[in-house]
Amino acid sequence: MNLQAVSCSFGFLSSPLGVTPRTSFRRFVIRAKTEPSEKSVEIMRKFSEQYARRSGTYFCVDKGVTSVVIKGLAEHKDSYGAPLCPCRHYDDKAAEVGQGFWNCPCVPMRERKECHCMLFLTPDNDFAGKDQTITSDEIKETTANM
């Protein structure tokens, strides 16, 4: 887990007396940036390969896209117990996991082969590659500097 410290200053522009106080308050915010476990990444990698074969879809020609999505799914699997789509914004991720609509493969993918994340692409998609496989090393290499 990587931690980032961010400093924020809070000063007052004016006071009721018209005098600007010389004090300001500093607050530090710590943000945790988690990395998914290798086990979850491997589980999601294997799932993605199997689902691509089963659904007749292909990974993006840019394996970086595939890698980022797989890691996002793995991170959500670690955090919430289910591979919630990492390409959408949620007000309440835990509630979304419970509903199941956006758990991968999501309902639009299962019903219409529409993957918002571009993980599973139909052969006629301009961004579809020829591969239905990706190695653990490819995932590590393409996401190393993120």
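Keep in mind that glycine also has a Cβ here, set from the backbone N, Cα and C atoms.
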Q.
If you follow Swiss-Prot, the disulfide involving C117 connects it to which of the following: C8, C60, C87?
A. C87
Q: Note down the number of other Cβ atoms within 10 Å of the Cβ of C85 ([4Fe-4S] cluster binding site), including every protein chain shown.
A: 23
Q. What number of additional C-beta atoms lies within 10 angstroms of the C-beta atom of C117 (disulfide bond)?
A. 21
